[in-house]
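Below you'll find the structure, written out as structure tokens, and then a few comments.
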């Protein structure tokens, strides 16, 4: 009888983790994620629009390739400034108002760039755009990870990447549309028109609630409870999430006051814990985040996004119209393929998509490198190599978008414990943007030094190292609460797909396999 009772209890435990018993996707948390992700449209637009605008800026302002490299890449050097400020501000004024401020900064940058009369003034406008970029890269994933139910956190946290890719595509389309205007006005409208959505964004974000984790960290338990009941799949989940956050912030689990005094102040001692006295788990998390962000950019995505017209020109496409249309195709593929992880992250997990993505990057980069080398070394037109290079660029854009692009932000925003999250994500964002800046500010010069084919061979080599890093260093986080994830780290060589703290999730995986 005892064995029968134990079996019954085990089955009940399994049912607790059965997705059929989960409520439908929480509409309120989904709406919050959509509003927060809107900042990524501006971010993507500012990245994508420079791809085509650079063609006309060079002609109008009579600047060199090196100046174009600096103009396109400098925004990524400015971006870490924004990420650092956003990390500190988000712990001070909250996640929501930090997103509002990002919209304001994008507005100022767009106005300044649209009114630029010379290269120096344009660079000044790029400074504001870069700071806004840093804000957006940091705060949207952090906010969404903190308002998402565990069952849909991967889906919701990937939305900023979907919106970012949509913004890049809109930027490419803007290039094509405004390219028909007189040279003096075309590129200025491309850059300045993004001021309009910036205003609406800043207003719309005010409709969002504040992050419950930030509210608890500030001792505002009453407000946090109300938000958690709205964004959770059930009252039980809301209470469990509240208890987890209370424990981390040093609040007694028995405390039910609406306003309390918090002894553990967010942001205090964070840098010391990250750099001077990290636990094995924190060290592992920190290395994983830095590696993710470094490899996401070091494999050359910004070279493709920003210099697609140049790449297609090297591949044999000569007219501006055809180059811009081919670039729109890149944006379309990126936007379509980024929907894949949006719907699969909470089903197959992070690791499988990430490793598949990086494997695709290796294949596409090697193919692109070979085809461009053939074209570059041949005096005659090599039609098959031209088409192969175009296909390789599109394949590269697609495989990046199914894993390396969105999962970098999903994973890095969920692995840091609450006490380290804002600063940890800001450091990862800095790594991402600095690496992107180096790639975008050296691509043209590197292509001249070792040929464009050689440059993509280099990117392919980096992608191979990235695959090994991801395989050995990144445990699966799918199915774990944000508070459970920290215990998955601390051992670099443990079996990566095992969840040591969520036995119920392991049982669920076994049950799904049996089905």
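Glycine is no exception: its Cβ is also placed from the backbone N, Cα and C atoms.
Owing to the predicted nature of the structure, the values given are computational and were not obtained by experimental measurement.
What TrEMBL lists as domain 'Major facilitator superfamily (MFS) profile' is 32-478.
Beyond its flanks by at least six residues, the transmembrane segment (30-56) meets 68, 71-72, 75, 99, 102-103, 106, 109, 129, 132-133, 135-137, 139-140, 143-144, 147-148, 152, 156-157, 159-172, 174-176, 179, 183, 186-187, 190-191, 194, 197-198, 201, 204-205, 207-209, 231, 302, 305-309, 320, 323-324, 327, 331 of its own chain at Cβ-Cβ distances under 8 Å. As annotated by TrEMBL, transmembrane segment applies to 30-56 (among others).
Counting same-chain residues at least six beyond the ends of the transmembrane segment (68-87), those with a Cβ under 8 angstroms from any Cβ of the stretch are 46, 50, 54, 57-58, 98, 102, 105, 119, 122-123, 126-127, 129-135, 137-139, 302, 306, 422-423, 425-426, 429-430, 433-434, 436-445. For 68-87 (among others), the entry in TrEMBL reads transmembrane segment.
Look at TrEMBL and you will find 99-121 (among others) tagged as transmembrane segment.
Annotation source TrEMBL lists transmembrane segment at 127-144 (among others).
Annotation comment: TrEMBL describes 156-173 (among others) as transmembrane segment.
TrEMBL lists 185-208 (among others) with the feature transmembrane segment.
Taken from TrEMBL, the feature transmembrane segment applies to 281-304 (among others).
Below 8 angstroms of C-beta separation, residues 48, 51-52, 154-155, 157-159, 161-162, 165-166, 168-169, 171-173, 175-176, 179, 304-305, 308-309, 312, 317, 353, 390, 393-394, 397-403, 405-407, 410, 478 of the same chain, each at least six residues beyond the ends of the transmembrane segment (324-345), sit close to that stretch. Feature annotation from TrEMBL assigns transmembrane segment to 324-345 (among others).
The feature transmembrane segment is assigned by TrEMBL to 352-372 (among others).
Per TrEMBL, transmembrane segment is recorded for 384-411 (among others).
What TrEMBL lists as transmembrane segment is 449-469 (among others).
Counted as Cβ pairs under 8 Å, contacts with the transmembrane segment (99-121) are highest for 185-208 among 127-144, 185-208, 352-372, 384-411, 449-469.
The recorded stretches the transmembrane segment (281-304) and the transmembrane segment (156-173) do not share 3+ CB pairs below 8 A when only pairs 6 or more apart in sequence are counted, and are therefore not in contact. A Cβ distance under 8 Å defines the sequence-distant neighbours of the transmembrane segment (156-173), meaning residues of its chain 6+ beyond its ends; these are 29-30, 33-34, 36-52, 136, 140-141, 144-145, 147-148, 190, 305, 324, 327-328, 330-332, 334-335, 338-339, 341-342, 345, 401, 405-407, 409-410, 413-414. Here the transmembrane segment (352-372) does not lie next to the transmembrane segment (185-208) in space: the count of CB pairs under 8 Å, restricted to residues six or more apart, is fewer than 3. Proximity of distant same-chain residues to the transmembrane segment (127-144), defined by a Cβ-Cβ separation under 8 Å and at least 6 residues beyond the stretch ends, is recorded for 32-33, 36-37, 39-40, 42-43, 46-47, 74-87, 90, 95-96, 98-99, 101-103, 105-106, 108-110, 112-113, 156-157, 159-160, 208, 211, 409-410, 412-413, 421-422, 425-426, 429-430, 432-433.
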